[in-house]
Ligand code: FES
């Protein structure tokens, strides 16, 4: 805002900037004058990104999400979200003359008459599976390396919400074609809603616009599937990425890498080329997969009818978790408050499902509360160096797998030639036992690995060379580690457990620790107390042993 | 950047605890190691050609995609080993699209890995937290703003504002009311409720649409039935059949363990709701030796010879049974509704 420009603007240019060298520069100058492009790009064009293969897991999530949106828009151009009855007369002869909903008929049309429609449908569904799977693995990466710690807790929550929304949007999308399988899924949902005490029947009536199945559920799901949930997800995703940019990536410990720097390659050109190229790799692979492997062949299932069912009634794998809960739960139904029915057999699984998820969501807060650690963390933990966290994560995965077995108990029964009852009983026991066992085994395994690291630091690496000493003894020569390896192996921190405050304060007045403080100390003991981590080698230990070697 | 090379800063750089001679201290960033393409121009040229080749393949594949779209019929099925019979168009489009996209990606990544600089650079991080000056400044500004609004002093305004803000979302909730009707007693009855002793409703075979006589029901078989008058073309067929569907089985009367259940049947023919009491799947599997019916969804198993008691699985109560008899012409009929609601249980369901 130069004051001169107002008075004699006709004769003088308003800006004192040198003339742009070419058309391109001139165009960018124009944009900068409106949007402040240069200041924006200054910090970011050569922004450093560390390189590690596991960072691509998040990229796969992002790219498959974009693919889902692109193909989804295409599908909405042909799909009719209507439950109006129609009789099919199309090119797919087995269904000819059969009564079905517009939704199902248009899905069959997309598959057989719209050129490329089948491909786009398959890409859409495959990308959705890849999306959820990648979110899972990405989340595990973040969890097991402790990348969720301050300042990234909020981004952990954003990611967590994206996972949950991904689950539900997947379910809604799966339900839309109104085929026999998807209708069965909706029926399942209706039964679950009815099991909610007091308000269950009201929610059911309002959601379905009357009794099951009515004619409203598909159009309503359609709006939720293509507008409501993706809209929220898009917002969360942008926020997630802004935070990733703002926080900068985490990195592994190693020579030259500290909590105060980030080492890697610049955004332009290396990371741009790699990340941009990776989008095409993911898209290309999903397209090829869709050409080769058929997924959700709705034409084979037939239109939905509430009194019919196909035998392989299975949800997509990520819902197998919920399916497992509902299958292994005993059918408890009790009568409460004078004649009301509480369907615990469905309601308890319905509640466990979000509880398990929430336990994961709040983990960062639990961990920082237990450590009392308020600092920022940018160096990743090797999973072995945080045994309790790693064991907890492994227990969670084990629980998930147990439930997946429960959800596919019929498949396991037929493939393993076992009684379905045996499998269900095993899952009931396994639900409680397997996570605990996994926890214990994982923790011990981590401690073993820590011990091995310590051994390596103090005694070096086994060289495979056997040396015979003058007095006849055989020893294996150990090569000492280079300083960069010594540093990498000892760079991790080892938090100490919290201690109870002194019984009396400095004035000698008795001070009682509250229950909360006591639990916190107990938990902290469980995390970092004796037996829960192996003390790192000290400089003294190292010198003692290495100088000892010299005397040989 | 040079200060990050090992020679430049010694062993004590980078860690807070490092002391001189500490074997575990951070030696700093390792020196950059050149790649083949950095020193050998021939290798670099080769990499350049590889990248371009990938981009050319992508172009060809896109042309192939368009050609497939224009020339292959949508309903053409071909046999491709080991995939089996697949849609030719789907396969051609997917493979060409896949190759077109993949080659762009592979080219870009190969380019980045071989020809773009691979110098690792450090960048500084700055704490996310603001320093104390900024913090105190902002808090000061906020306090000034708050004081000027007199929000804290004018308690009446504050409290009524909070009240109105708390209530206003209720409008949104109320607006959802017309999404659907109230439950009332809708879940209590099925279509069979129209049947009375004077005006019984015939049981109609689901497949043949014909009324049935007892001799049509073979011992050990499972027959599906619906009420007479419920046509598939009816507007609300789906909604009706979701509750009215019946399964009929015939068991030798002496094998029926539950006498009440035997009395509701006719000469050993028992009519049970087809809708599972767990979450509502239709039951479709019947084992004639044991008289067990199994729901394919979550494997709830009902003993039809014993009042459809749940013998395994997550269902919470037996399948409701419909009392049947025959009319003057000898057709199977119902003279009333089920004694209890069919399908999954819910809060208001009487027990
Ligand atoms: S619906 Fe029949 S067992 Fe779940």
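These residue numbers are counts, starting from 1, taken along the chain as shown.
Every residue, even glycine, has its Cβ placed from backbone N, Cα and C.
Here TrEMBL gives transmembrane segment for one range in the set A:105-124, A:125-144, A:305-324, A:325-344: that range is A:125-144. In TrEMBL, the annotation transmembrane segment applies to A:386-405, one of the ranges A:6-25, A:26-45, A:386-405. Listed ranges A:249-270, A:425-446; the one TrEMBL annotates as transmembrane segment is A:425-446. Ranking A:278-299, A:346-366, A:425-446 by CB pairs under 8 A with the transmembrane segment (A:156-176) puts A:346-366 at the top. Restricting the average to the domain 'Cytochrome b/b6 N-terminal region profile' (A:27-253) gives a pLDDT of 95.
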